[in-house]
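Feature list (source: TrEMBL):
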type     : residues : note
TRANSMEM : 30-58    : transmembrane segment
TRANSMEM : 70-91    : transmembrane segment
TRANSMEM : 124-141  : transmembrane segment
TRANSMEM : 161-180  : transmembrane segment
TRANSMEM : 192-211  : transmembrane segment
TRANSMEM : 223-241  : transmembrane segment
TRANSMEM : 253-273  : transmembrane segment
TRANSMEM : 279-296  : transmembrane segment
Amino acid sequence: MSMSVGAIVAFYCFCSGGMLVLNKLAVHHIHAPAFVTVVQFVATAVGVMAGWACGALELDTLEWRKVKHFVVYILAFSGGTWANMKVLMVANVETIIVFRSCAPICVSVLDYIFYNRALPSRRSCLAMVLIVLGASAYVALDSKSGQTLAERETQQAAYTWVAVWFVLLIFQLTYGKTLVSGLGLQSIWSPVLYTNALAIAPTALIGVVAGDFEALATTDWTLQALGMLALSCVAGIGISWSGFKCQSVVTATAYTVVGVMNKLLTVLINVLIWDKHASPGGIAALCVCLGGGSLYQQAPLRRQDYLPVRTQDSEIKTPVAEVALTAREGRSQAERKV
């Protein structure tokens with residue numbers, strides 16, 4: 001059963017909007033981000049395999065020529081997910097959202113370079129300017145909120161981790177488009193399985209090196225903590241599928257903007273459930289970011305210049321680059337005959 005683009009985007013927004021808050025709640029109860037992340041990866045991989053075994057979903061045949069393209073992505077995915085959890089341990093979710101709002105600027109340039117997309121229109125440029133202004137206002141307001149030395153040190157740590165996460169995120173958003181549209185995969189569940197299963201070992205290694213698992217000894221394993229962990233795993237399966245599916249039907253930049261806009265749901269949930277959120281001024285700055293995101297328009301493919309080429313039967317239009325290539329090939333063949 002196929003889904004419309006609108007339905008796919010809506011489902012991704014629902015999963016992504018709730019995932020950030022669920023992750024925040026999970027690491028609030030279990031102070032081991034690597035452990036939480038590994039459990040989510042295991043749950044998703046096992047869930048996909050169980051669905052395949054029951055015949056509920058399809059998977060592509062496991063081929064090294066396809067899997068190898070995921071290796072670099074997995075390293076960025078593992079490190080980025082762990083860094084995201086580290087940020088959530090020391091900062092509110094709005095900090096993540098503001099930096100996420102700046103991602104379309106970087107991704108639009110990479111879309112132009114690697115995916116033959118046009119540069120953003122005036123309206124889209126205005127949208128991204130609003131996003132940057134809102135993000136700058138948020139950071140300025142946030143920098144004044146920490147009064148004690150401990151608060152300022154925590155704030156600096158948060159921005160360090162969010163910078164690491166941001167760089168890895170840009171790579172994922174750009175390269176992820178290649179994984180779902182350039183490898184000839186027939187089922188979106190295949191990249192979901194590859195990504196989560198292959199990310200388990202690197203993420204566990206990061207946790208061991210960083211000493212994350214030591215916190216498990218002092219964790220209070222309440223029903224609430226286990227419940228938040230379980231809910232984050234369910235959301236993880238949903239966002240894994242909907243994220244790759246959404247990337248397959250829209251451009252990398254449009255996908256990035258959708259990821260920004262769905263954070264309206266995150267902000268609403270975060271404000272309603274507890275007091276660990278930004279100040280009213282910070283939320284207003286965030287709304288400027290989201291308002292800018294709503295103005296963004298997906299860039300079309302760049303048009304190629306065409307030249308008329310006469311054949312025996314008719315005249316057809318051929319890209320200039322193709323004409324030049326044909327001419328070079330003709331000269332090479334003539335030289336070989338001589």
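Including glycine, each Cβ sits where the backbone N, Cα and C put it.
TrEMBL entries are annotated by machine, without manual review.
The highest tally of CB pairs under 8 A with the transmembrane segment (223-241), across 30-58, 70-91, 161-180, 192-211, 279-296, is held by 30-58. Here the transmembrane segment (192-211) has Cβ contacts under 8 Å with residues 32-35, 37-38, 40-42, 44-45, 48-49, 59, 67, 70-71, 73-75, 77-79, 81-82, 236-237, 240-241, 244 of the same chain, all six or more residues outside its ends. Here the listed stretches are 30-58, 124-141, 161-180, 279-296, and the one with the most C-beta pairs under 8 angstroms to the transmembrane segment (70-91) is 161-180. Ranked by Cβ pairs under 8 Å to the transmembrane segment (124-141), the stretches 30-58, 161-180, 279-296 are led by 279-296.
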